[in-house]
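These notes are about the structure you will find just below.
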């Protein structure tokens, strides 16, 4: 693994140097620095509310320091369940008890046994330049594949929504590397802010630019979830990096919920699924109801030990199956195979290994997030903040969609390997 990392760093550093020395990038960065200087010295910036705005929020320790504790995943899952119109079957209630209990054990109880009385210097340290280079190259890949995707369908899907159905996953999946890419670049800026090489205003300006840059490309493809992923991840990074104020995070979260409801509402209007007289909240409620209906069906057919035994998760890998995992879900519940169905966070675990799979899967997910959160709290390191932000973001989005995209699965595998490497390193040091 160390050899692979060294090779990756060698190539990404060289690619970053080549592009940053080019005339095009020199002009872009010069313009960006000029605008940044105007922003930092702007009179209008002083009109923006200060960090102590709505200071009452900072009096609560949980809101001030632990909004994005791993347990937030269960809270969001519970809200998702409450939104459903129909009741949950008794058997599914048992599955949910298993899922929630396993997650709590994995995210709270087990991590409490690690890293006690350990200095932050004991953890693996990633060089800031290395992190930036990887992030820059991921963004570059995302931009290149964005243009390839646009060319392949003959236009921008945002301007002509029907083109979105012609997008090819093999071209769009690399576009989503923009999300970890801007996160890692943000991590680099956060590190420089912590070392006082950037002012807070400069760091905030660069965060805003990264978010805007990523969202422009993702929004142009007509997708909603990747935009929410980019926004949520950067909010988490900004929150733990002290770049965002507590009130900004709270208001940003409320605005995010409004964005989800709004986009869903207007998309439903465009597709004639609802009328203009329908409540915007109905679209959110109907999505939750449909997804939980799917989960009820999956629970019914999966039993205690599942029916796919790992084949569903493996179908996320290109070339393994003609159908993707969400289309396989559609096939299992007797829907058309052309339909992509969201199975919730525990749906894939049920299909592959039943209740046993839910216990193990939610326990493992809880452990990854729990141990990541503990490392974040111990080190306050920019890279670990970004890694945790990325993983928690996709776990939260997975409450409805499930964790079934190959790149997302890879993020969790990489995160787990990094966390295990830290555990083994510290275990070796304490012998």
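All positions are counted from 1 along the displayed chain.
The backbone N, Cα and C atoms fix where each Cβ goes, and this holds for glycine too.
Copied over from TrEMBL, here are the features:
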- 67-85: transmembrane segment (TRANSMEM)
- 91-110: transmembrane segment (TRANSMEM)
- 131-158: transmembrane segment (TRANSMEM)
- 170-190: transmembrane segment (TRANSMEM)
- 210-240: transmembrane segment (TRANSMEM)
- 246-266: transmembrane segment (TRANSMEM)
- 333-351: transmembrane segment (TRANSMEM)
- 357-376: transmembrane segment (TRANSMEM)
- 383-403: transmembrane segment (TRANSMEM)
- 409-426: transmembrane segment (TRANSMEM)
**Study point:** Stretch with greatest number of CB pairs under 8 Å, the transmembrane segment (210-240) reference, 67-85, 91-110, 357-376, 383-403, 409-426 candidates
**Key:** 383-403
Revision key, fill the gap. Sequence-distant residues near the transmembrane segment (409-426) by C-beta distance (under 8 Å, 6 or more away from its ends) are 1, 114-115, 118, 122-124, 180, 313, 316, 365, 368, 371-372, 375, 387, 390-391, 394, 403
Review point. Counting only pairs 6 or more apart in sequence, are there at least 3 Cβ pairs under 8 Å between the transmembrane segment (170-190) and the transmembrane segment (67-85)?
Key: no
Review point. Going along the chain, which residues at least six beyond the ends of the transmembrane segment (383-403) come within the CB cut-off of under 8 Å?
Key: 68, 70, 72-73, 76-77, 80, 123, 126, 131, 179-180, 183-184, 186-187, 190-191, 225, 228-229, 232-234, 236-237, 240-241, 287-288, 291, 325-326, 342-345, 347-348, 365, 368-369, 372-373, 375-376, 409, 411-412, 415, 418
